[in-house]
Amino acid sequence: MSSSGTTSTALANGTGDTAPSSNATTASSSSTSQTMNILVHWDFLVLTAQITLSAMAIIWLGANSSLRRPPSAAPTKRKGKKRVEEDRFTEGFVASDAIMFPLLAGTVLIGLYYLIKWLQDSDILNQLLRAYMSVMSVASLGKLAADALHFLTTMAFPSIWSDRTGRLYRIDTSSRQQFLVSGDDVADTSVDDKKSPFPGRLSGVSFSEKTNNALWEIRHLFKEEWTVRMALHGIAKGHVNIKLNDLLGFLFAIMTTMAYYLTGWYWLSNILGSAFCYAAFTMISPTSFAIGTMVLAGLFIYDIVMVFYTPYMVTVATKLDVPIKLIFQGPSRSSILGLGDIVVPGIFIGLALRFDLWRHYTEQIKRIPTELKSEFTGETPEKVVTTTETQYRSVKAPYVDPRGRWGDRIWTATNLTSIFSTPTATPTLAATAFSKPYFYASMAGYAVGMLLTLTMLLVFNRGQPALLYLVPCVTGAVWMTGAVRGDLHDMWTYTEDGSLDTEDVVVEVDGNGNVVKEITEKGEKEDEKHVKDGNGSVNESGIAESSTARRARNQSEKGETRESPAATSRPGEGYDVFLFSITAPPAASVEDD
């Protein structure tokens, strides 16, 4: 964030910044001046569209990649398996960040400014920063490349597709067959005339047996998930699940960063900068709308001060040739856009999209009547009074990850417009669609803010602090949408700090079915099996366990244990001093998304 924040401004320069001077007394020179003004403004409009659409495309991709299971949805479980491991944000904002972020960004910016002045030649600093940014960008570019390859994989090897008559086919990798389906139910018999792993017309192509087996192996290779296990005795032990696309994306990232370090081409810098933004959306969360608004307000003030009242921002942005900005080239002018102008409002837009997803699953919560019985001693010890009352248990709908399903949506679409409408081919695809009023409002606000920035750039012919226009437009659009829709209370209470992510609870409802109160303490007491230790709890088997044992069990499920050899090995067996292994699943266990 500190690197991207140092160039949070939009600049334009080049031969088209000012119209050429002419003699206004002659008609020919006046006509030439008007023609030049039209061409200059047309060039500026093209550059404006390029900047705005590029920034919005990065935000759209990054916001969708940041989708997580909302607290209003139940964790995903697969048949015969544990819960699916969930992605979590690496960093979440707190209220103090509204002060700390501008201070840290300002410190870095001023430090870079005086370092450039002291060196008197920014080439040395550019080389050092280019090497540092090249190394740091491998992970972010690898993530972006892997997701792009996954999209291409779903296009080549979708899980389900439909023909022109509307019949649905499911491609099963484990059995190497295609089935006619109705919804999510597979028919009893396979389709004999479709032996290939491809959809559409290629599904009926008769390849040789050797070629067909090789194609199914390729599909299996891209679909399967490998388990990488690592262990170092006395230090750490863990595992991570990866796919072939992750490795290919990592290799692509290494080659791209090496090429950028050796050449310094601006379009490679743009690729690395876009990858930085994309990765930031998946790692950083504003936590809540209130905290996000405060942080954006702090950076809003920082941007104004650094651009209008100091030379720091413009100097650093123009002198450093590193991927902390996006460079746009036009026929007669160029422009740069700091990564902070994409990341800072973009993470707030991502929060709006996840809030839309939370609202979607909140509407699907079911209230199931539950009888609660209470027993207490009456007037005499022998007399036990039992009371029964009916409460309602909130049951969450299981989460269906909407990411990575564009291949299925495109192959089951009946026409071009239906690709972007609610998919209805299968219940699974239908479950991934949800209304996005807050996301669309924030994206519209970003577009308006960017257009205002570029308009002021043309009017005043000097660098503009983009956050001066983006922050009010984006945050204002979201809060105004909440006010119009009557969701201000939900916006204020929504948080991603984990406090809303609870198990199914018993609630009291009024006559209209609205939740009045959650019965949490009573439910917890009924679930406990007379645990004597105040720090104890009950596991899934109903056995009491201490908090230490519970933490160890939770860490074990996440693969983050740091245990002694005696605890991790069986009697008579050795232990791993150093371990690095990659395990592929059997062909029969591979599941299509």
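Note: Cβ is positioned from N, Cα and C throughout, glycine not excepted.
Automatic, uncurated: that is what TrEMBL annotation is.
What TrEMBL lists as compositional bias 'Polar residues' is 1-16 (among others).
Summarising the annotation, TrEMBL assigns compositional bias 'Low complexity' to 18-29.
What TrEMBL records for 522-533 (among others) is compositional bias 'Basic and acidic residues'.
TrEMBL lists 536-549 (among others) with the feature compositional bias 'Polar residues'.
What TrEMBL records for 554-563 (among others) is compositional bias 'Basic and acidic residues'.
Among the features that TrEMBL reports, region 'Disordered' is placed at 1-29 (among others).
Under the heading region 'Disordered', TrEMBL lists 522-574 (among others).
Same-chain residues lying 6 or more positions outside the transmembrane segment (44-63) and placing a CB less than 8 Å from one of its CB atoms are 10, 12, 16, 274, 277-278, 280-282, 326, 328, 330, 333-335, 337, 341-342, 345-346, 349-350, 353, 439, 443, 446-447, 450-451, 454, 458. Look at TrEMBL and you will find 44-63 (among others) tagged as transmembrane segment.
Taken from TrEMBL, the feature transmembrane segment applies to 98-116 (among others).
Per TrEMBL, the feature transmembrane segment maps to 247-268 (among others).
According to TrEMBL, the transmembrane segment annotation covers 275-302 (among others).
Sequence annotations record features per position, and here TrEMBL assigns transmembrane segment to 336-357 (among others). Non-local neighbours of the transmembrane segment (336-357) in the same chain are 1, 3-11, 51, 55, 58-59, 62-64, 66-68, 70, 105, 273, 276-277, 280-281, 284-286, 289, 292-293, 296, 299, 303, 317-318, 323-328, 402, 434-439, 441-443, 446, 449, 466-467, 470-471, 474-475, 478, 491, 494, 496; each lies 6+ residues outside the stretch with a CB under 8 Å from one of its CB atoms.
Residues or ranges marked as transmembrane segment in TrEMBL: 438-460 (among others). Sequence-distant contacts of the transmembrane segment (438-460) (same chain, six or more residues past either end, CB-CB distance under 8 Å): 10-12, 41, 44, 48, 51-52, 55-56, 59-60, 63, 335, 345, 348-349, 352-353, 355-356, 466, 468-478, 480-482.
Look at TrEMBL and you will find 466-484 (among others) tagged as transmembrane segment.
Listed by sequence, the residues of this chain that lie at least six past the ends of the transmembrane segment (275-302) yet keep a Cβ under 8 A from its Cβ atoms are 1, 3-5, 8, 58-59, 61-63, 65-66, 87, 89-95, 97-99, 101-102, 105-106, 137, 139-141, 143-145, 253, 323, 339-340, 342-348, 350-351, 355, 467-468, 471-472, 474-475, 478-479, 491-492, 494-497.
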